[in-house]
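In what follows, a single structure is set out as structure tokens and then discussed.
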Ligand code: GLY
């Protein structure tokens, strides 16, 4: 089943390369991907899809298209286009870092290190966080973290490994610790976002941006936490991070609905109209597979984690994939960007497609993604 799903995604990407040209897909409207000129937080996912397709097929066409996106990311960094946010890790891990991992291209490595430096400018010593959004000192966002940022930390851990400069590691570790302490709640659910006093560093309150309510658990946030803490554990060997990733995964898997693909928020009332977020299930599956890659063969949590990753991926392939729709642009249907904001609440999400393909490549080929070397 995994192989057929990969081949379908590869075939769709072949057509999408023609459709999209040098532009980047984001989310869809009326089943058509909305394109931008490499100005959004999501543009690395298209690069990641192209690199995965290249690694699966060995076809030069995919490689050249992926390398062209890296050149676009180079121009973006040089001109500092839409980079005043924390999502630099999403952008450069899957584009230039992937190229470095696959081809050992020195220019791609240099670009990725420059991207890490750009992310470091989000560090705020008083709060010991990487500020997610907005300029330093911003009244609304100045002292704010979001759980998604855990996926940006691998860029910094990697920069430490490449350069030996401890500052990258220290910032990533501190941010991960703050996230563990303040975003994860006692029952293993999570806040999407948390606020600190920018001057004193005092922890103020949890909240949400895309979730159902301030104290609810946005399913994609929980999925970012599963994968993000697993990756922090991979880089730091800190057992608490792995334990946290497992606990978040348990919370996630215990709340799967009948078809094994999550709704957009675990606390949203379920009616026939409630939206799903297939992208959350794809991210969580990757995160669980990452956890499994770090657990000893005899570990007592392995069996339920394996079953959970399989259920999630089977659910996606069987009930949400577009395998029976050869002309579809996306790989999986029914992602939601922001149900709360009325933004693409039931559409294709390019990150949903990316993580779906990464999970399939993990299952079929033992691929490990592009987050660490
Ligand atoms: N990182 C933004 C989102 O998940 O919507």
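Cβ coordinates are placed from backbone N, Cα and C, and glycine is handled just like the others.
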Inset, instruction - Name the residue, out of 324, 338, that TrEMBL lists for the same substrate site as 87, 148, 206, 208, 220, 224, please. - result: 338
Inset, instruction - Could you check which of the binding-site residues 148, 206, 220 have their CB within less than 6 A of ligand 1? - result: 148, 220
Legend entry - Secondary structure of residue 87 (active site, nucleophile) (DSSP, helix/strand/coil): coil
Legend entry - Length of the line joining the Cα atoms of residue 208 (substrate binding site) and residue 87 (active site, nucleophile), in Å: 18
Inset, instruction - For residue 224 (substrate binding site), list the number of other Cβ atoms lying within 10 Å of its Cβ atom. - result: 27
Inset, instruction - Please work out the number of neighbouring Cβ atoms within 10 Å of the Cβ of residue 206 (substrate binding site), leaving out its own Cβ. - result: 16
